[in-house]
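> If you look up TrEMBL, you'll see A:13-485 marked as domain 'Cytochrome oxidase subunit I profile'. The annotation transmembrane segment is assigned in TrEMBL to A:16-38, A:58-83, A:95-115, A:135-155, A:171-196, A:216-241, A:253-271, A:291-313, A:334-355, A:375-395, A:458-485, A:513-533 (among others).
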Amino acid sequence: MTQEVRVDQKAAKLSLSYILVAFIGFGIAAIAGLLQGLDRAQLITLPTWLNYYQILTAHGVLMGLVFTTFFIEGFLFSGIARVQNGKLTPLGLKLGWVGFWVMLIGTVMGVITVLMNDASVLFTFYAPMKASPFFYIGAALIVVGSWIGGWGMFAEYRNWKRNNPGKFSPLFLFTAVATMTLWQICTLGVAAEVLFQLIPWSLGMVDTVNVLLSRTLLWFFGHPLVYFWLMPAYMTWYLIMPKIIGGKVFSDSITRLVFVIFVLLSTPIGFHHQLMEPGIDPKWKFLHVALTLSIAIPSLITAFTMFATFELAGRAKGATGLFGWFRKLPWKDARFFSLFLAMLWFIPAGAGGIINASNQLNQVVHNTIWVTGHFHLTIGTAVALTFFCVSYWLIPHLTGRKMTRTTNELGRLQAVLWSIGMIFMSGSMHTLGLLGGPRRTAGTTYMNDPTALSWIPFHKLAALGGAFLFFAAMLQVGLVLYLAFKAPKGEQEYPMGDVAEDAAETPRILERWPVWISVAVILILVAYGYPIADMIQNPPPGAPGVRTW
Amino acid sequence: MHIHRYEKYWLMFGGGIIIAFIVALFVNAFAMGMTPPSDLQRVDPKKVEQTAPFDKPGLKQVGPNEYEAVMVSFAFGYNPNQIEVPVGSKVTFISTSKDVVHGFQIPGTNVNMMVVPGHVNKVTHTFDKPGEYLILCNEYCGAAHHMMMAKVIVK
Ligand code: HEM
Ligand SMILES: [Cu+2]
Ligand SMILES: [Cu+2]
């Protein structure tokens, strides 16, 4: 693979369309985020036509579904083109575009119903709160569109395998397929919920809904969703970062192994979101807790691999001593600097995750704003900063422009502002959560309850963090628009790491998807088969829908 | 597959810690009986007021220093919205919902459970310190979710 491979015009246009929608959604969501923080700190009072839960729904849907899913589709298509001489197949391109439009229509439907205050049910759309059917149909279209894009990527993979019989697929293609495989498996849960439960019920075709089943199907998807966000970030860390720091991909087989483990373990662990819930036997909950803790293993492997990559790159540049490599890293390069901060933030984020997953500790933090603090570190920082950093080189590469010195400096400033914002916001949210402050709750003192009053200073600190984050977000959107439309013409490299020459041979089994998908299905049947069958056969009394907002 | 020697040590160390966590949680849940709130009883959300014990919400003494507080959750409150118990009481909160999903949490304690329509949920806590405890809803349930509260007064 030569250095100068460029993503061709057709693939670039597809990828760029996804990425621009992602950042527009992100920009709007950031405004909502700031307002939420200010409202909770009682620094502003929202006007009567705009309620807290409405903007929270918009923030959650735009950040959690639109920004992430659009960015991921765009990024993966670009990388797949990059490892195939810059080209996508006609079938891949076509499915990519169909997916794009279906997702966009779904997004618009969702956003309109939220703006009309017909869907203030948050992005978790908990039944029996009943939103407009258009909201559920919009959400379903976002998911279906992302499937179609995923089929485009599978088509690329099939095509590659056909043209290269018996060879290992390029790592980027393999990890992209792993990510999309996980996504196709886990979204079956939410698709079943939306298609068979929520849409018929919101249209008035059935009266009541099986709430426990709806929550279980939602969380069947809800946890793997976070790995769907994380895997493209890991792809950047494993495959792109080595090239940026002038090193090599540490190990082909370990990279494949980590992604296979995610495909296997991400889905059968959803009950850890339902630990405080009635109707589920504690033994089933425990099985999910144990599996959840095991998913720390790929993260441990990643921590090792990242430092090994740093050290090897540093030594190749002549670093000596135990930590000499540290100074050889390209700190002045925004493409690396943001990534490093993203990885650093993932360490406390992961530790928080272990706490959330533990069935007894969860009782302390469940549904408190600790959880919000936790995922603003994982997806809101580790993943988001990685995506920002990808945008700095990917967008100019796609538009035939160049990252300038100034964009580089602003990119580094962005990462610093974001980190400062998160120290305040996420730090306060974690503290408030331990004190018992609830999540998803508008500014309130519970009629001057002394406990709730004592939380206000932390809410103010969180709002201060929100202000930093808001400025950083606007800077990021500005950088994206500049790099897409205004930056000087030129060549910007698409960094794609090569595997170290002395890395050991990859075991064949890692490329056998039928094996891994079967194992994943078996694990899901073990973890979910009986409980879901039981919920369907012995349903709890149904709940009629209500609009409580 | 080749795995570096240091990586093996690192995985043995990390994996060992994770196994220790799992064992500790297992012992905690099943040998010491500290499973999270997971009641399996059901009740028709449309008939909460006609179904025992929710037809008579309120506090009931069930033993020396032991109480049951039956509290119906609804948008946006709990019935009853205030209970009084003596210091040192062990209180089991029993709740269900008449409408949507609610939360039931007492900041400063480990009382934290989901209240789902169609199901009954329970959690027990011993109040060793006098004072006013806030019960709040921590699961978004609608426009006045942030007003949904009750109090436990411990004297
Ligand atoms: C400008 C930066 C941001 C600010 C100021 C911000 C602020 C907030 C605040 C104040 C909440 C509500 C807390 C509550 O009441 O529970 C929230 C919720 C949330 N945020 Fe952010 N956030 C930001 C960035 C992000 C990013 C980058 C993501 C993910 C990519 C994200 C995802 C979410 C989600 C999924 C929720 C929960 C919505 C729900 O509960 O349904 N946020 N954010
Ligand atoms: Cu409530
Ligand atoms: Cu509520």
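Placement of Cβ uses the backbone N, Cα and C atoms for every residue, glycine included.
Tell me about the surroundings of these features in the structure.
Looking just at the domain 'Cytochrome oxidase subunit I profile' (A:13-485), the mean pLDDT is 94.
Residues 1, 5, 7-8, 11-12, 14-19, 21-23, 25-26, 28-29, 32-33, 36, 92, 96, 99-100, 103, 107, 110-111, 114-115, 122-124, 139, 142, 146, 149, 152-153, 156, 170-173, 176, 179-180, 225, 228-229, 232, 235, 379-380, 383, 387, 390, 394, 397-398, 494, 496 of the same chain lie 6+ residues outside the transmembrane segment (A:58-83) yet bring a C-beta within less than 8 angstroms of a C-beta in it.
Listed as Cβ neighbours of the transmembrane segment (A:216-241) (distance under 8 Å, sequence separation of 6 or more from its ends, same chain) are residues 64, 68, 71-72, 75-76, 79, 124-126, 171-172, 175-176, 178-179, 182-183, 185-190, 192-193, 197, 249-250, 255, 258-259, 262, 266-267, 269-274, 280, 292, 302, 305-306, 309, 336, 339, 342-343, 375, 378-379, 382-383, 386-387, 389-390, 495-497, 528, 531-532, 535.
With a cut-off of 8 Å between Cβ atoms, the residues of this chain six or more beyond the transmembrane segment (A:253-271) that come close are 171, 174-175, 178-179, 181-182, 185-186, 189, 216, 219-224, 227, 231, 234, 238-239, 280, 284-285, 287-289, 291-292, 294-295, 297-298, 301-302, 305, 503-507, 510-511, 516-517, 519-520, 523-524, 526-528, 531.
Residues 233, 236-237, 241, 244-245, 293, 296, 299, 303, 306, 361-362, 365, 370, 373-374, 377-378, 381-386, 388-389, 392-393, 403, 407-412, 414-416, 418-419, 422, 430, 495 of the same chain, all 6+ positions outside the transmembrane segment (A:334-355), place their C-beta atoms under 8 angstroms from a C-beta of that stretch.
For the transmembrane segment (A:375-395), the residues of the chain that approach it from at least six positions outside its boundaries are 15-16, 19, 22-23, 63-64, 68, 71, 75, 78, 226, 229-230, 232-233, 236-237, 240, 334-335, 337-339, 341-343, 345-346, 348-350, 352-353, 401, 403, 407-408, 411, 414-415, 418-419, 422, 425-426, 429, 476, 479-480, 483-484, 492-495, judged by C-beta separation under 8 angstroms.
Listed as Cβ neighbours of the transmembrane segment (A:458-485) (distance under 8 Å, sequence separation of 6 or more from its ends, same chain) are residues 16, 19-20, 23-24, 26-27, 30-31, 33-34, 36-38, 40-43, 388, 391-392, 395-396, 399, 401, 403, 407, 410-411, 413-414, 417-418, 420-429, 431-432, 435, 437, 443.
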